[in-house]
């Protein structure tokens, strides 16, 4: 969307195909290549965000926006209402999807039992800090959307108003880089999740459990995910976001309920007040919080999500009929390599 806004003469399908080709090629080679790319991309994003905030502060001192750096206006406003905020939160959920995707790389992580939980926690915390900081300064500079010609694709205009034409070009290049970083991580996690499901016979193991003998990556899954990603040619932003939001809320709900089910109910960690706090109260509060988002989810998200869930339910019914029970994990066979 942003690149098409900047280069309207280039057909949108060119950007989609190029983007998917880069993601697929990188994920075919090795997870270390993906990790190194992501590290570089994240550093670039943080650098440009620091420059962006610096330029915003300069503009505020010159009278742009609210004209001051110290203001609670982004947090407290008479025009802010609870229901629109909650509806917006269902969209913001999409930005936090990366923290749970960390778990899909457990098999390729040394000392995963210690590293993965810490990585999940820090990813969510750092992401929240970055989102709040960037949104705070942006809200000070743009108290409303009246300056934007196209509020749904306002990023090019934001960069132009904050730093001029040169900064706009640099900012949009960085946005493309950040999209690459997000896409690389998503592509890697989905292909490895399919690998695990293939290895456990949820999907045909011969295809989904295949590991390339040289690259040691689930190559067929990577290619399939790339093909599915080309569906971006036919989706608009609203439809894609609606489907993703449903999946995100499903994941967040069951993450909370799984803590209760695994520790409090199955393992019997329900003896002390600490157990009740950690494994009963906190996950239920988390599930109820997500429940508020469910209530305010857009109808499009619910419709698309329920259709997708129905397809999944039908396939689960087929598996139960075929195996008389859901296929269970049978242990490691062909581990995906770190290299």
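The backbone N, Cα and C atoms fix where each Cβ goes, glycine too.
The following features are taken from TrEMBL:
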- 4-294: domain 'Amino acid permease/ SLC12A' (DOMAIN)
- 12-28: transmembrane segment (TRANSMEM)
- 40-60: transmembrane segment (TRANSMEM)
- 80-99: transmembrane segment (TRANSMEM)
- 119-142: transmembrane segment (TRANSMEM)
- 169-197: transmembrane segment (TRANSMEM)
- 218-237: transmembrane segment (TRANSMEM)
- 243-264: transmembrane segment (TRANSMEM)
- 276-295: transmembrane segment (TRANSMEM)
- 301-320: transmembrane segment (TRANSMEM)
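At the 8 Å Cβ cutoff, the transmembrane segment (243-264) and the transmembrane segment (218-237) share fewer than 3 close pairs (sequence separation 6 or more) and do not count as touching. Of the two recorded stretches, the transmembrane segment (119-142) lies close to the transmembrane segment (40-60), with three or more CB pairs under 8 Å once pairs fewer than 6 apart in sequence are set aside. Counting only same-chain residues 6+ beyond the ends of the transmembrane segment (276-295), those with a CB under 8 A from a CB of the stretch are 86, 89-90, 93, 249, 252-253, 255-260, 263-264, 269-270. Looking at 12-28, 169-197, 218-237, the range that has the most CB pairs within less than 8 A of the transmembrane segment (40-60) turns out to be 169-197.
Outside the transmembrane segment (12-28) by six or more residues, the chain places 3-4, 34, 37, 179-180, 183-184, 187-188, 191, 212, 215, 217, 219, 222-223, 225-226, 229-230, 232-233 with a CB less than 8 A from a CB of the stretch. Through the fold, the transmembrane segment (169-197) approaches residues 2-3, 6, 19, 22-24, 26-27, 31, 34, 37-38, 41-42, 44-45, 48, 52, 97-98, 101, 104-105, 107, 155-156, 159, 163, 203, 208-209, 211, 217-218, 221-222, 224-226, 229, 336 of its own chain, all at least 6 residues removed from its boundaries and within a Cβ separation under 8 Å. Here the domain 'Amino acid permease/ SLC12A' (4-294) has a mean pLDDT of 84 out of 100.
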